[in-house]
Amino acid sequence: MSYDSCLKLQNHLSESLKTTTINQCGYLLIVEHEPVYTVGIRQKDYNPLLEENLIKLGAEFKRTNRGGLITFHGPGQLIAYPILNLKKFNPSIRWYVANLETTIKDLCNETYGLTATTTSDTGVWIGNHKICAIGVRCSRYVTTHGLALNCNTDLSWFKHIVPCGLHGKGVTSLSTIFEKNISVDDVLPYFLQHFCKSFSCDILNTEIDKIA
């Protein structure tokens, strides 16, 4: 799904959560994007020349209202956008981000036998390499944006940026670690399982045209 189309859907769903009188917890969008570099609210760090050079690589470049610095999204990434009413969970953005990290950490450790950790830098790490980036926004206790877990992503896209603005750090993927192809479809059932556990919720599958 294109980044702009997905952002439009996120905004539609988040506004519906803010105005609904129905006792609704929210939505969980799972997508893969075509190659796109996104930057967060600290956009002054990225000049037009960088934007032009990245676009020449064949990717889009988007300035967003999420937290965090520059990152890459593309095929082979499990991208999850939870559109949640935190009043139905815990009205704390710190709690929310920690639960996203726990979801991925448990997925890596319990399902794949890895040693994934969190640090003072948001996201989930395997050693000195980030496997999952997190950048979120919260307005009136409703969340948008989310996380990107590298499954079989082409990591060469990251060579053209300093991912999340962290110098001296690397990126990795499940496929790189295990030296075999592990796709988004392979990982998704386990992700949903751990998401439900972390957020103490159930997920009901809904066709996209019923909510768009």
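For all residues, glycine too, the Cβ spot is worked out from N, Cα and C.
As given in TrEMBL:
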- Cys164: active site, acyl-thioester intermediate (ACT_SITE)
- Arg66, Gly67, Gly68, Leu69, Ile70, Thr71, Phe72, His73, Ala133, Ile134, Gly135, Gly146, Leu147, Ala148: substrate binding site (BINDING)
- 22-203: domain 'BPL/LPL catalytic' (DOMAIN)
- Lys130: site 'Lowers pKa of active site Cys' (SITE)
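Projection of TrEMBL feature records onto the structure.
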| residue | record | Cβ within 10 Å |
| --- | --- | --- |
| Arg66 | substrate binding site | 18 |
| Gly68 | substrate binding site | 22 |
| Ile70 | substrate binding site | 23 |
| Phe72 | substrate binding site | 26 |
| Lys130 | site 'Lowers pKa of active site Cys' | 25 |
| Ala133 | substrate binding site | 25 |
| Gly135 | substrate binding site | 23 |
| Leu147 | substrate binding site | 25 |
Next item on the list: Would you mind giving the whole-number mean pLDDT across the domain 'BPL/LPL catalytic' (22-203)?
Entry: 93
Check: Quick one: largest C-alpha distance among Arg66, Gly67, Gly68, Leu69, Ile70, Thr71, Phe72, His73, Ala133, Ile134, Gly135, Gly146, Leu147, Ala148, binding substrate per the record, in angstrom?
Finding: 15
